[in-house]
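**Q** Attaching a single structure in structure tokens format; questions to follow.
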Ligand SMILES: NC(=O)c1ccc[n+]([C@@H]2O[C@H](COP(=O)([O-])OP(=O)(O)OC[C@H]3O[C@@H](n4cnc5c(N)ncnc54)[C@H](O)[C@@H]3O)[C@@H](O)[C@H]2O)c1
């Protein structure tokens, strides 16, 4: 599922491959930690280890940004933070709305990490009239009747869906019709969106299922028993490195292909392209 098919080109218009874009947040997180410790420069090997990425891949990724580092010195941490932030569009403020302020929506609203990364929670929206006006994370919840006006008034382009699965498509349609062009979907359902709208999905149960798969593999290795229908040699070869490669495959964002309602055709074999970043 991590390598979900996508019908969009694998390279962005500015020539940065999607796989590189998917790794930029990992570099940024590692660089931000270095910056907070006032570390001025970092070698590609150190940064690669901190980001959990192969160092040759890191150098290739940074070459797309026009950043080559200085031999014997490494990369300037502050400059790279700026460069990557700019590339990801984080040097500007992004107003975000969260729709569905239940357990998850409220937890997301209370998460302080969005603001520090340039995402301002502009509004919290819920269909339950009993929720209207209630403060969550210091923001009064607004009713879904106001959704279109909220999107327009705040110039919102990113919407987060944390409603029950049955409501998600309808919420998505309203968000898109109101002008939202990027959706982060937490509801366990596949959304259909028109061309030009990006959908990223977060599903922690899928991540847990993948971990369960690897746990099962590890248990099989410990007993040394080849799986059914598998030769002992094949079992010995297909051990931890292969498993790690699967777990760390960067995840490509998914976007509409062509025409309205083409979401299903753009997704991986399991119909999902999750937004959870590799560890
Ligand atoms: N992706 C993940 O890893 C993950 C983890 C936990 C929960 N979830 C999913 O997130 C969603 C929310 O879970 P929860 O535990 O917060 O549920 P919840 O029942 O506590 O909250 C759902 C909220 O959505 C509101 N709502 C319902 N229909 C709506 C509509 N049409 N428009 C706006 N708001 C509407 C409800 O009034 C309620 O406040 C569920 O779909 C759940 O399966 C996903």
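Glycine is no exception: its Cβ is also placed from the backbone N, Cα and C atoms.
Got these off TrEMBL a minute ago, pasting:
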DNA_BIND  26-65  DNA-binding region
BINDING   100, 101, 102, 103, 104, 105  NAD(+) binding site
DOMAIN    89-190  domain 'CoA-binding'
REGION    217-279  region 'Disordered'
**Q** Relative to the mean position of the Cβ atoms of 100, 101, 102, 103, 104, 105, the recorded NAD(+) site, which additional same-chain residues have Cβ within 8 Å?
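**A** Along the chain, the qualifying residues are 98, 106, 107, 108, 126, 162, 163.
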**Q** Here the binding-site residues are 101, 104; which one has the lowest number of other Cβ atoms no more than 10 Å from its Cβ?
**A** 104
**Q** I'd like to know the mean pLDDT over the DNA-binding region (26-65).
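**A** Across the DNA-binding region (26-65), the average pLDDT comes out at 94.
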**Q** Using a Cβ cut-off under 8 Å and a sequence separation of 6 or more, which residues in the same chain sit near residue 105 (NAD(+) binding site)?
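**A** Sequence-distant Cβ neighbours: 98, 99, 124, 126, 136, 160, 162, 163.
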**Q** Within a 10 Å radius around the Cβ, which one of these binding-site residues has the most neighbouring Cβ atoms: 100, 102?
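**A** The residue with the densest Cβ neighbourhood is 100.
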**Q** Across all chains shown, how many C-beta atoms besides its own are within 10 angstroms of the C-beta of residue 103 (NAD(+) binding site)?
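**A** Other Cβ atoms found within 10 Å: 9.
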